[in-house]
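For 61-81, 93-114, 134-155, 167-187, 207-231, 243-265, 285-305, the entry in TrEMBL reads transmembrane segment.
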Amino acid sequence: PDTHWSCLQSPSVPESKNSLNLLEIMGNFSYDDSNMTSLDYDAAPCHNQYCPFFQHVAPTFLAITCATAILGTGALLTTLVKRPHVWGWPQSRMLVAQLAVGMGLFTALLLPVAVGIRQGWWLGTGLCRLTHLLWHWSLFAQALLVGSGSCSTAWDRWDPRSRRLAVAVWAGALLLATPAALTSGTVGAPEMSCIRRSVDILSPAYLLHLALCLCLFLLLPAVLLAATLAMPRLRAGWEPGIGASWLFFGLWVPYGVGLAVDFLLHAQLLQPTCGTFEHFDYVLGLSEGLGVLHCCLGPAALLAARLC
């Protein structure tokens, strides 16, 4: 398979084999060497100019988000230490502490990613794959923590049961993130870039990674919401605190939908139009940008839910 993928995995990939690659931390956006791809959809010229926009905006956005998230996570951890009595089920102190660790790990990756987008990726393939592994490990761990905290009192106290659950959540999230590392890689034309998908769209590794993302970003919140509506005990736990932790799902669900549509377009199960080609890149990029905001909005929401 062709491992040179465009900066957004858009409908143009089959026609644009030599497109330039950028770090795909907010998606892959497609263009040729002139920063403009022209395709014939119903004889209309189709121009995709997302890549220059992405290179210009993404580093600044990630840097600002990183700085804000550091302040928010620091305030959250300080509150956990100095005011432990304000935390109780369904948002116990240990659950919030682990969510803070997950958001902190995610935040730590934003600055090197921003530098990689701006200046090119020079840290090698191994660190590229490690970055994607840690990126998804933090996301998947947070999804599992929010899910387990929404339907179980296991986090209400720190005992052998909750410690075993914590080990299972973090080990399981690391295992689920492994396909993300296997599908990522580096390309070097015209400059070195670290891309999320360096394998074919129908490769087993990518299909597994996509299925895991859809399960955790779409299926898991849907199942939890249905269970909450059906069970009075879970509905009783829907106080401001649990709603704050569910902000994670609210911010990442649009990206899950975008990944599903992106796959359908690449697998040609949906027929792209000129408008799709020109605008879907922005939709997918903005949806991932919305998800990235969880690391700075999450701490603020958790603090507001308990202290206000």
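Using N, Cα and C of the backbone, Cβ positions are placed for all residues, glycine too.
All annotation found in TrEMBL is predicted automatically rather than curated by experts.
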Considering pairs 6 or more residues apart, do the transmembrane segment (243-265) and the transmembrane segment (61-81) have at least three CB pairs under 8 Å?
no
By a Cβ-Cβ criterion of under 8 Å, what residues six or more beyond either terminus of the transmembrane segment (207-231) are in contact with it?
139-140, 143-144, 147, 150-151, 176, 179-180, 182-183, 238, 246, 249, 252-253, 255-257, 259-260, 263
Compare 93-114, 134-155, 285-305 by their Cβ pairs under 8 Å to the transmembrane segment (167-187) and return the stretch that comes out on top.
134-155
Residues of the same chain, at least six outside the transmembrane segment (61-81), with any C-beta under 8 angstroms of its C-beta?
25, 87, 93, 96-97, 100, 103-104, 106-107, 110-111, 113-114, 117, 289, 292-293, 295-300, 302-303, 306-307
Outside the transmembrane segment (285-305), six or more residues from its ends: residues with CB under 8 Å to it:
8, 25-27, 29, 50, 54, 61-62, 65, 68-69, 72-73, 75-76, 79, 91, 96, 99-100, 103, 106-107, 110, 142, 239-241, 243-245, 247-248, 251-252, 254-255, 257-258
